[in-house]
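Only one structure is covered here, and it is reproduced in the block below.
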């Protein structure tokens, strides 16, 4: 693993997620909201990848032959279903316990994924590149947003795409993503997020432009409390995802 001083990782954020690493795959534990949110992320990535690379999203192996880098993969909750869709997946996380949990679960599930305890900067330094690079719910935890975006962009192959998901910095996101999710509903451990580290769509798109990427698609992700479910939305005020490629 590369030295933290040469990366965008925040040691305090790594330590925070290390404490709850063993709960990644517990659908009723601290990561339960991620398990409910995950099908929306997976479908978005699959559908956009199929559109970009000319695949059939209805195929059980729709991503076969594509390489995916999952930056900040945690316990592999997203990496694993992408591997089941046929993609060759590499998952990165700076927290060693997260990687141990991810490896063990994937082995038990019979899904071959290359999980690495390292940073995206280390991948770029080796010259590795991927068809699809994912940074899902990561950018709000890094020490330097622009440097992190730069590194993610450099890991994308020519013709490839970068998919990012994060939380907007609005009063509504403070009320729902922090007060509601962490303190009232208990969906996430208290302290998981800091509102002033949330990134607005304009800020993220500007960082991508500075790195030579343009946004091809952006969508909100909304929660329906009556159905207890998540879905794509036109509302970008809280959670949102985007797909970007070289301009």
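Just so it is clear, glycine is given a Cβ too, placed from its N, Cα and C backbone atoms.
Annotated features in TrEMBL:
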BINDING   41, 72, 93, 136  S-adenosyl-L-methionine binding site
DOMAIN    69-164  domain 'Methyltransferase type 11'
- Mean pLDDT over the domain 'Methyltransferase type 11' (69-164): what is the value? 97
- Note on the structure: Across 41, 72, 93, listed as binding-site residues, the smallest other-CB tally within 10 A is for 41
- Sequence gap of 6 or more, C-beta under 8 Å: which same-chain residues meet both conditions with respect to residue 136 (S-adenosyl-L-methionine binding site)? 41, 70, 72, 78, 163, 164, 165, 241
- Task: Sort residue 93 (S-adenosyl-L-methionine binding site) into helix, strand or coil using the DSSP assignment.
- Result: coil
- Message: Taking DSSP as the reference, which of helix, strand or coil describes residue 41 (S-adenosyl-L-methionine binding site)?
- Response: helix
- Task: Kindly report the helix/strand/coil residue split of the domain 'Methyltransferase type 11' (69-164) according to DSSP, in that order.
- Result: 40 helix, 27 strand, 29 coil
